[in-house]
């Protein structure tokens, strides 16, 4: 069969498998790639076996060691990048650091066990970090003879999802066996195809970065005599055009307005800069000393400066280059947002005395000056220039 050309016209979606250890996440990932390769052969759909996915390479993301397997496959409608992490700690790190930005996820629950502690933790993390769409795959149904037991497990999963504000009564639950599908049992292969059909239908197409409101973290500022002030950086999301009205947000109490009079990339004038571009933006009505690294240039009204927020954080182990000792309430490290460090104090949840290296925890943070943040903004926690933790803003408080 001739190799097909990679089809870029298909929408691209990022998904992953989550759930308790040994419930079958990696087996399901292998089954999806294998069944799609059999049913929809293409250059993208290549079977991956359990061992190759399980031997996920170590990656360094913001100083943290994470093992993650990335596989790709396609359905008739979409192209998918799928993330599977071997260990529980890898999931926690992946989700909290934003290394794995999932548009949706497949929650794998073994029908023989029902929901377990990590099932709950992964659902909570999904809620915290903004994975809005979950599909349940009840695995290992071939090992359960009792139909009533399967119904009970399904009810238990739905209740648990509702507890964490997911639409537990309405979201799709598919019952199957990843191992049987992998082994070529056509009944269970059909179920994997049904699962992928459900993923196609239920997980909405993500908004493209260029459709989102402009956000450009300022890295450098200089003035050009006779022309004005230039701020440069990599556009995080959105588009910036000549004559756009923008806001300069963060560090200072007041948000400032300005107009873009030029956009440059590699010393060439552009009409517009897009998400991912490194640009210099010429601003009218802004003095050189009124804008600084650590601020962001944004679409007016799209993001505000804040000093207080809740965050979900992972604290590095000693082996990862983190702290050797725990920290306590009112710990005051630096919080590194995009391009700059800001000191802040940490309040631990009631009943938590201290946080050990390797822990993940929800914290309240108060920064000494405001930063442009929103739900989903990621940050590093640093001490004297070295990273000791990583986190994500889950809720704005002030």
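The backbone N, Cα and C atoms fix where each Cβ goes, glycine too.
A quick note: this is a predicted structure, and the numbers were derived from the prediction, not measured.
Segment annotation: Swiss-Prot labels region 'G3' over residues 84-87 (candidates 80-83, 84-87, 88-91).
Check Swiss-Prot against the ranges 53-57, 58-62, 63-67 and you find region 'G2' recorded for 63-67. Feature annotation (Swiss-Prot): of 3-10, 11-18, 19-26, the stretch labelled region 'G1' is 19-26.
Swiss-Prot lists region 'G4' at one of the ranges 131-134, 135-138, 139-142, 143-146, namely 139-142. Comparing residue 141 (GTP binding site) with residue 26 (Mg(2+) binding site), their Cα atoms are 17 Å apart once rounded.
Of the listed binding-site residues 25, 88, the Cβ environment within 10 Å is emptiest of other Cβ atoms at 88. Nearest to residue 26 (Mg(2+) binding site) in space, judged by Cα atoms and limited to the binding-site residues 19, 85, 88, is 85.
In the region 'G3' (84-87), the DSSP tally of helix, strand and coil residues is 0 helix, 1 strand, 3 coil.
The 10 Å shell around the Cβ of residue 26 (Mg(2+) binding site) contains 24 further Cβ atoms across the protein chains shown. In the three-state DSSP scheme, residue 25 (GTP binding site) is classed as helix. For the domain 'tr-type G' (10-207), the model's pLDDT averages out at 93.
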